[in-house]
Each structure stands twice: as C-alpha cells, then as structure tokens.
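Dropping the structure in here first, questions after.
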Amino acid sequence: AVALLSLAALTPAGAASAAALPLVINTWAFRTAAETAWRVLELGGSELDAVERGCGQCEIDQCDGTVGYGGSPDESGETTLDAMIMDGNTMEVGAVADLRRVKNAIGVARKVIEYTKHTLLVGESASLFAVRMGFPYEDLTTQKSLSLYSEWLNQSCQPNYWKNVVPDSSKSCGPYKRIEEVTYKEEQTSSQRDVHNHDTIGMVVIGVSGTVASGTSTNGAIHKIPGRVGDSPIAGAGSYADSTAGGAAATGDGDIMMRFLPSYQAVEYMRMGTDPAVACQKVISRIQKYAPKFFGAIICANTTGSYGAACNKIPGFTQFHFMVSSPLLSQPTEQVVDCI
C-alpha cells in the first residue's frame, strides 16, 4: 500500500494515472469540496450526492469569490448563480442559470432532475421554483460584492463586456446604445479572467462500479451583462457525464469555451479509448485554433479511474491546479499540470 501511495504521488498530473475507484476530481485547489465529496462516498452516498455536496461546499465557502453568494457582481451590482448536475447512468441533467436570491444553486439543480421533466430553468422563474422546493430566499450581496461593484463604477466600468456601442464602452459607463453601422473585426484580446479569478468549480465523481456523475457551480463572470449565462450550467460545456465512457468538467472563459462543448468532446475522445490526459489536451488544442489567448482548463476521468487535466498557457496562467481523491491517495491531494 505504501508503494502504491508513493507511485500515485509521483505520477505526473498530465500523464496517464494509475486507475483506482472510487474517484473524485475537481477543478482548482478547492480542498474542502474534494473532502466533502469523498466523505459522502465513504458514508455510502451516491455519486450524485457526492457531486451535489462537494460543489455545494464551495457555494458555502464562497470558493475564491467565484462560486456562491457575495462574489462576481454583474453590471447592476447583483450576484446571480449558475449550476448543473448530471447523472451518467440516465443521462438526466438538472441545471439553473441566472438564479437570484437563492444560495444553494446546485441543490436547486438537483431538484430539477428529481421533480421536473425539464433540464434547465432560468432567472426569476428558477428562483420561484427553488422556493417551491423549500429553499429560502436570501440576499446574495455582501459587503465585499458591493465594494467590488463600487470600485468598478469608479474605474469607468472597466473592464466590461460591451462592443460596438456608444458611448465608447472602453472608456465610460452606459447606458449603451448600438452603433448603427458596425465594422466587424476579429477580437484577439486576452481573457479578462486569470488564475486569481477562477469562475467555476467543476467536479467528476466515479463510483466503485464505474458509475459517473458530474456537476458545476459558479457565480459567473464578474461585471457580466445581466442575463448572461456562461458554460457552467450547459450540459456538454460546463460538464458532462456518461457511465459508458467517463466524465469531464471545464473552467475558465465560458463565453468562449461553451462554443466548443469541451466536456462532451472530451468524453467522446475517452469513449474512443483516448487516455483522459490526452483527451483533455485535444480539447484545449481545438479551442486554441480559434481563440489562442483564451483562459481555460478541463479535467477528464474515465470509468476505470484514470484521469488527467489540461489548460491553455497564457501570461499569468502557466499551470492548472486541481484536486484528486482516490484509494491510491491517503487524502484528497492537490495536483498540478503544465499548460500547453
């Protein structure tokens, strides 16, 4: 057992890893989320339970200010939440987006699976559904989020997500109006997020029999235009789970990444027998062709418990940290992969 633990500790995160089940893998060094999910499995909970509780722990912890309440205020100063959870056995998905005044976003997403025939609920109606499911209305604003909002206003609303509008969105606040004649040009600006603004927890859990579940939770892009939904609550983009192949979860610039369905693509690569680390790398490389300066990373795991991760190398973001829990490790362990 000691030899196995030593081998696991020395395995490069980007290489093929020793296979063991059950497995919990999540984006970033969110240790308490990993510990919570692993504890759920130890106590006999299901893979879905582990994903819900693990991501829910990050909502409670306000992981890096980019998950849960009190972070990433939008353009009007409000914090809203996105989350999803997926059952790799039934292929059912529950998701909420632009959720307002309810803290436990992934808990509400789980109720979408359990009590509706739908997949995704959004906005005010998602909040009303949450209340019907027994979740309390709570203020998601904190002194910190108000401070972030005030600082942004004082900096002439920079940065923001508008283009082709008047007044000039690169120099002043709105309200904006569209320019009548737009000259389209390809944008190659770097992502506004960086290693200190993670934006999502994504988690994949694989049970002892190879059953897969996955999920995400986030408060989205800071200073986003109200109503904006990123990749996190979109099946195949934010995460994807299929108990016949594996699971994946993405993090980073959701506006770019969701266009490529990276989590779905990674799972399909693994279905074809591609090693999880290579599957992750192939997904990142695909996005690079269209958006070489995007900020993003992905974690991948197959049904035997092999796993990997990959990220896009940009200034300030050259390595990606993620958490792994498995029988080969004495405790949930932070791992690192070099970006490509």
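In case you wondered, yes, glycine gets a Cβ from its N, Cα and C as well.
A TrEMBL annotation is a machine prediction, not a hand-curated record.
Annotations for this protein, taken from TrEMBL, read as follows:
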SIGNAL    1-18  signal peptide
ACT_SITE  T200  active site, nucleophile
BINDING   R228, V229, G230, D231, T251, G252, D253, G254  substrate binding site
Out of R228, V229, D231, T251, G254, the binding-site residues in the record, which is closest to T200 (active site, nucleophile) when you go by Cα distance?
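Closest by Cα distance to T200 (active site, nucleophile) among the binding-site residues R228, V229, D231, T251, G254: T251.
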Counting other Cβ atoms within 10 Å of each Cβ, which of the recorded positions T200, T251 scores lowest?
T251
Based on the record's binding annotation for substrate (R228, V229, G230, D231, T251, G252, D253, G254), what whole-number value in Å is the widest Cα to Cα distance?
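Result: 16 Å between the two most distant Cα atoms.
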Looking at Cβ-Cβ distances, which residues of the chain lie under 8 angstroms from D231 (substrate binding site) while being 6 or more apart from it?
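D231 (substrate binding site) has long-range Cβ partners A237, G238, A250, G254, D255, M257, M258, P262.
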So for G254 (substrate binding site), how many other CB atoms are inside 10 Å of its CB?
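A 10 Å sphere around the Cβ of G254 (substrate binding site) contains 28 other Cβ atoms.
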Test of understanding: give the count of other CB atoms lying within 10 angstroms of the CB of V229 (substrate binding site).
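A 10 Å sphere around the Cβ of V229 (substrate binding site) contains 21 other Cβ atoms.
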Among the binding-site residues listed here, G230, G252, which has the most company in the form of other Cβ atoms within 10 Å of its Cβ?
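Within the set of binding-site residues, the most crowded position is G252.
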CB neighbours of R228 (substrate binding site) within 10 A?
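Cβ-Cβ neighbours of R228 (substrate binding site) within 10 Å number 18.
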